[in-house]
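If you check TrEMBL, you get these features:
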DOMAIN    1-106  domain 'CMP/dCMP-type deaminase'
BINDING   His46, Cys76, Cys79  Zn(2+) binding site
ACT_SITE  Glu48  active site, proton donor
Amino acid sequence: MRAALAEAQKAWDLGEVPVGAVVVKDGVVIATGFNQPIAGHDPTAHAEIVALRAAAKALGNYRLPGCELYVTLEPCVMCSGAMMHARLARVVYGAGDPKTGAAGSVVNLYESAQLNHHTQAVGGVLAAECGDLLKSFFAARRAAARAARGGTIVAQP
Ligand SMILES: [Zn+2]
């Protein structure tokens, strides 16, 4: 999860919402990804999708059995679907996402009996750190927006 957090920081550095992911096989990181939909003009460029694509390329296989994906934020419906298609063994996430989380916060695709899936989900790993990174990002963005409007008078030293 520390490696996923480092990926999230890369997203922040580019002005993207800081979410990072890594794919691990046999204890080794085989692929990384960070959220980058704005820069790539790509609504599917969530951290998980970027990491899944890189992992599949690295292994030369469109399926990723025996692999685990670590991501700083609870996966959305799209990413959960992609991970199930990849037959990923397990996804481990940090912070829950009350707006789009598909591992229990909004819906739980991983416990849906109707879906023929192969992926387990585990949440709450380094949740505070993963969530704080997002909160800090949005706080900084709001502050920048206020400053741009000239609405905030900063106390002079
Ligand atoms: Zn997603």
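Cβ atoms here come from the backbone N, Cα and C positions, even for glycine.
The Cβ of Cys79 (Zn(2+) binding site) has 27 other Cβ atoms within 10 Å, all protein chains considered.
Residues Ala47, Glu48, Ile49, Pro75, Val77, Met78, Ser80, Ala82, Thr100, Ala102 surround the recorded Zn(2+) site, their Cβ atoms falling within 8 Å of the Cβ centroid of His46, Cys76, Cys79, which are themselves excluded. Averaged over the domain 'CMP/dCMP-type deaminase' (1-106), the predicted model reaches a pLDDT of 97.
Of all Cβ atoms in the protein chains displayed, 23 besides its own lie within 10 Å of the Cβ of Cys76 (Zn(2+) binding site).
Within the domain 'CMP/dCMP-type deaminase' (1-106), the DSSP-based counts of helix, strand and coil residues read 34 helix, 27 strand, 45 coil.
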